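**Student:** The structure's right below; bear with me while I get my questions together.
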Amino acid sequence: MAAPKKINLALQGGGAHGAFTWGVLDWFLEDKRLKIDAISGTSAGAMNAVVLAGGMQDGGEDGARERLEAFWYEVSRQAKYSPIQRSPLDVFLGEWSLDHSPSYLFFDVLTRFASPYEFNPLNANPLRDVLEKTVDFDRVHQCEHMKIFVSATNVFTGKIRVFSEKEVTLDAVMASACLPQVFQAVEIEGEPYWDGGYMGNPPLYPLFYDTDTPDVMLIQINPIERRKVPKTAREIVNRLNEITFNSTLLRELRAIDFVTRLIEEGKLSSEEYMKVNMHRISAGELKPLQASSKLNAEWAFLTDLKDLGRKTAQEWLERHYDDIGKRSTIDVKEEIS
């Protein structure tokens, strides 16, 4: 068997839709033809990253797969105690969204008129409990298999902060997933942080500044393009969030395209600048799902997303494995134009 090909992973955030990324990672780990050199993650992507790293340190690929399943199962178990559940109508219609759920609709309105400092003064966050139970951050720090980068947005400066090595702590991951409408800002070293998606979903630059692996695989959960005008208030807010969370990604792709063209034209030395090969696995089949489904952590839904991620990853590798290390498999110029 040929030696595994090195690749860097960029994992987007997206709530429960992060289970699609779980499926992609699960297939990569089972397939064993790829060696993950580094991971940059935001929000749910950051959680997948640290869970995988801890599992790799304890038990290699099989340990990482087991730890990822344990993490998502615990997310689902904790969600059973949430008042925000699918309504009987949602269940009857076979929809994974929460759009007919009275508790979700109440919470949606509440977050528009009150802050988490008012409706959640004790700053309760069940995801913190899940991470504390399933991730040993000391083991993550000891992981020699890959580098981990986690991003968050500094509330004071509006700038991105990328945590790496021993900076990747429970607080850093919670900051990366801190939606300000839902959770209080996470304070780290006296500075408050919100969700990293506002300034990088996920940031790509650590993957080619701090590693020598030219291939970057983006696991994309949030669609860049939609061909339907949002008309309801919730649809408009969701589309604004998608545009905001993808804007920094598009800017980084534009910079990659610019540098790549300069290298190809001989205006930059390929010995001094690394040509980046961009790849993408997209959760395109999630487009029809409403944004509220990102709060649905039912085990049946999460495993459906996992299965879709595995299937999509398997199909991608069958088509493009030979391209890794040689060329990009997405037209970056077309993406940004």
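Just so you know, the numbers here start at 1 and follow the chain as drawn.
Glycine is no exception: its Cβ is also placed from the backbone N, Cα and C atoms.
Automatic, uncurated: that is what TrEMBL annotation is.
TrEMBL lists 9-208 with the feature domain 'PNPLA'. The annotation motif 'GXGXXG' is assigned in TrEMBL to 13-18. Residues annotated as motif 'GXSXG' in TrEMBL: 41-45. Residues or ranges marked as active site, nucleophile by TrEMBL: Ser43. TrEMBL lists Asp195 with the feature active site, proton acceptor.
Each of the listed features needs to be described in terms of its position in the shown structure.
**Tutor:** Restricting the average to the domain 'PNPLA' (9-208) gives a pLDDT of 95.
Beyond its flanks by at least six residues, the motif 'GXSXG' (41-45) meets 9-18, 21, 148-151, 176-177, 195-197, 200-203, 219, 221 of its own chain at Cβ-Cβ distances under 8 Å.
Summarising the environment of Ser43 (active site, nucleophile), the number of other Cβ atoms within 10 Å of its Cβ, over all protein chains shown, is 29.
Sequence-distant neighbours of Asp195 (active site, proton acceptor): residues of the same chain at least 6 apart with a C-beta under 8 Å from its C-beta are Gly13, Thr42, Ser43, Ala152, Thr153, Ala175, Ser176, Ala177, Cys178, Leu179, Pro180.
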**Student:** With DSSP as the reference, give the number of residues of the motif 'GXSXG' (41-45) in helix, strand and coil.
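**Tutor:** Its residues fall into 2 helix, 1 strand, 2 coil.
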**Student:** What does the DSSP secondary structure composition of the motif 'GXGXXG' (13-18) look like, as residue counts for helix, strand and coil?
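**Tutor:** Going through the motif 'GXGXXG' (13-18) residue by residue, I get 4 helix, 0 strand, 2 coil.
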